[in-house]
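Asks: Below: one structure in structure tokens.
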């Protein structure tokens, strides 16, 4: 056992003495030691109940002859951190989470790992850390919350509240309606109820085979979710000493491809691109941002979920057959785009896992021949504005897929929010938000507040927004993020001026500023990088080490 390094032989008597102080008995030193990486925190609705979930898991581990050791990671709630300086810390928290998993698991030489994530950066951070450790690992998330319902009977989610801010600013809804939306949108614990970043990543864990069936869609705080926890705990005990189930044997090139196929079929959050690039790097798997358009071209978008379709939420997807039904439909209709021989954590191949899966409601999960789109729900655009690429969630577009407009430039998200409220962005404009990339922020803030303002003010179909920052999974509209190179590293987005003409063609995968080479060269000569004070030592360190979004915004030590 790996854990023999802390428990076997007379030289390890001091180690055992400390372990005895934690309650271990003689017989425990012959059992596998399993790390239970929890992410319990009171301020995140998807995490406040994870303490109880860890107790269920630890109890099941003990019943099955292993010794659990629980530890916690930090967590940031992107919705609560949104719209103020707190959002600077969201993406950097992914690195802290990864480092903490690696640190605890390797410092104590634990044999296996079960991770309990749920929201935002916590799932990818845990995946990155687990891949560094490379022991048998299972992920079992806290699960999605139920959708909210207004007094009028309309189904809503957190994204509805963000958009209601814009509607209230534009006097399109009353104060009473506004308060009703605020109080109704998040009715229970769990990750926010649509196909936002949390549920996207928990779904992709299922697609990669590192989580059990239902991980992405079974509601939080349900009996079914509790049974999933127990199954996961039993399984980690079965495989704790089996090297076939080391996480790098599960998250392979095939698994990463399967994740991106499901991402395209379900119109996942644009943040998944950022995270999967980072996860692939930790797994030693080749994934280039340029590869994603090929996958998208081969995968129909068959499940449209909030915020792209506000009548459908994760519990609806679960009732309709879940992620397995989506994968089964894609595999039966779209050739060999899915890698069906990929190994899953149960020991089954993906093909075996999907053998009984079927769509139970074609209004929720469509057949390929009735797809929302013949191509996937995400796209990577290239052009002089994004020579290294940028990301758009095509599933969330509500207007035209081809757009030409005049730039209205803002040098921060705060500046943009004030400008939008004051009416500086009009129909036909391209709202440009820059110096919000991984280095420029630093921290690559999400732009949910400005996109939701535009949507709520009725401009969602008539305005494009481009940024070197990123978006919440709750964003919809013609919103282009992750522009690379970013403004802070000399990207063209930093050279734009008000009134410059910008063209976006989603189906041609292009984004272009209509400027001559001579004009661009002249602007580069005149360009002076704005200086931004960064008081935080951690954010200054992050700023120095972080790569741009086209590489997953990972910390680059080379």
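Think of each number as a place in line: the chain as shown, counted from 1.
Keep in mind that glycine also has a Cβ here, set from the backbone N, Cα and C atoms.
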Asks: Report the candidate from 446, 486, 489 that shares the Mg(2+) site with 78, 120, 121, as recorded in Swiss-Prot.
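Replies: As annotated by Swiss-Prot, 78, 120, 121 share the Mg(2+) site with 446, chosen from 446, 486, 489.
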Asks: Hey, of 78, 446, 472, which of those recorded positions are within 10 Å of residue 119 ([2Fe-2S] cluster binding site), Cα to Cα?
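Replies: Within 10 Å of residue 119 ([2Fe-2S] cluster binding site): 78.
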Asks: Fewest other Cβ atoms within 10 Å: which of the binding-site residues 119, 192 wins that one? Let me know.
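Replies: Sparsest of the binding-site residues 119, 192 by Cβ contacts within 10 Å: 119.
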Asks: Quick check for the class: what is the C-alpha distance, in angstrom and rounded, between residue 446 (Mg(2+) binding site) and residue 192 ([2Fe-2S] cluster binding site)?
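Replies: Cα-Cα, rounded: 16 Å.
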Asks: Which chain neighbours of the Mg(2+) site, leaving out 78, 120, 121, 446, have a Cβ atom within 8 Å of the mean position of the site's Cβ atoms?
Replies: 76, 77, 81, 87, 90, 91, 119, 197, 271, 472
Asks: Far apart in sequence but close in space: which same-chain residues, 6 or more away, have a Cβ under 8 Å from residue 472 (active site, proton acceptor)?
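Replies: Result: 78, 79, 82, 159, 196, 197, 269, 271, 446, 447, 448.
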